[in-house]
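Let me begin by presenting the structure, written as structure tokens, before commenting on it.
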Amino acid sequence: MTNLLDASSSGLQTAARILREGGLVAFGTETVYGLGGDATQPKTVARIFEAKNRPRFNPLISHFADAQAAFTQVVANPLAHKLADTFWPGPLTLILPRAPHSTVSDLAADGLPTLAVRVPKGETVQALLKLVQRPIAAPSANRSGRISPSDAAHVLEELDGRIDAVLDSGPCQVGVESTVLDISNPERPTLLRPGGITLEALQAVCGTIFMPETEVDAAPASPGRLLSHYAPHLPVRLNATDVAPDEALLAFGNTQPSEAAISWNLSESGNLEEAAARLFTGLRTLDKQGQSHHLRGIAVQPIPQHGLGLAIQDRLNRAAAPRPALPPEDLPA
Ligand code: AMP
Ligand code: MG
């Protein structure tokens, strides 16, 4: 049984106790719900992979209450301090060399010489991390290869019975995951995953941002970039300018084709922040309703390619990518 906790002080105390004792607690951040566990306890980290059915080779992001705590686990350079001052708490994950005395388990870091660290935003998650005072590994709280959850009910749909508790802090505000920026070499800040902090905002602080050479090269370093990811059951058709009667429609803006039997508009006013926040719920809703109406797929209207549009498109590309011939639970995270 998974305990549903509210964000009261007793809910927070219970969540913190479970985490310190090595249990698993899903909690809301500004991006998506994370499946949290103490990153210093390898058994706990293993339980995270197990609960998610996640392939073992994924390194996890460690979460902290503030930059000071985060920088005890990594070797921070001046660029790291500048980025932390600008964007933390917030949806930016920094990859930095692991500190020699880092207490994060090898399993959480996947044996890499680098570590992913982040300070998430939100009253509840901040209060929780302050109480726990440990690095908390927290991949998205969904089964591997499935849509990331943006509220507590989604977490329960995916993980009820597989984790100890869900701390309910309401729906997430950003709705897509954090931007992952590798600054282990500060001369070459490299964008490993687009996300809640835009490329333009990073460029304003860092100057040039490098991209990994190819998707293939990036895959081992950042498995979140694996092509088939965030996969709904129904096939996804991108950049659709029309919709067939047997397709569900994921719309954007106010030029929605009227033929669609089932549709979800990411943002009628064309606002990319609203669209990001509604993305995973929209995919999940259309996938569920589409299946029950025996539709053949989900058509997605074009998304503008600037700001958060890049992160939204990245998730949609993965949702649309050809699936490996494996049962859904075995898809890579
Ligand atoms: P998630 O756990 O779903 O939020 O995804 C975490 C993302 O961070 C994945 O894309 C990981 O591959 C990436 N990541 C975590 N640690 C590292 C690391 N040390 N080097 C490169 N990428 C990392
Ligand atoms: Mg994920």
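Using the three backbone atoms N, Cα and C, a Cβ is placed for every residue, glycine included.
Whatever TrEMBL says is automated annotation, not expert-curated.
The annotation domain 'YrdC-like' is assigned in TrEMBL to 9-197.
Taken residue by residue with DSSP, THR31 (L-threonine binding site) is part of neither helix nor strand, so it is coil. Note: THR31 (L-threonine binding site) has non-local neighbours PRO91, PRO120, CYS172, VAL174, GLY175, VAL176, GLU177, SER178, GLY195, GLY196, i.e. same-chain residues 6+ apart with C-beta under 8 A of its own C-beta. Annotation comment: TrEMBL describes THR31, ALA138, SER178 as L-threonine binding site.
Per TrEMBL, the feature ATP binding site maps to ARG54, ASN58, HIS63, THR114, ARG118, SER140, SER148, ARG193, TYR230. Residue density at ARG118 (ATP binding site): 26 other Cβ atoms are found within 10 A of its Cβ, drawing on all protein chains shown.
Same-chain residues with CB within 8 A of the center of the THR31, ALA138, SER178 CB atoms, the L-threonine site residues themselves not counted, are THR29, GLU30, VAL32, GLY34, ILE61, HIS63, PRO91, THR93, ARG118, PRO120, SER140, GLU177. Using a 10 Å Cβ-Cβ cutoff, SER178 (L-threonine binding site) registers 28 neighbours. Spacing of ARG118 (ATP binding site) relative to ALA138 (L-threonine binding site) is 10 Å (Cα to Cα, whole number).
Cβ environment of ALA138 (L-threonine binding site): PHE27, THR29, GLY34, LEU35, GLY36, GLY37, LEU60, ILE61, HIS63 lie under 8 Å away, each six or more residues apart in the same chain.
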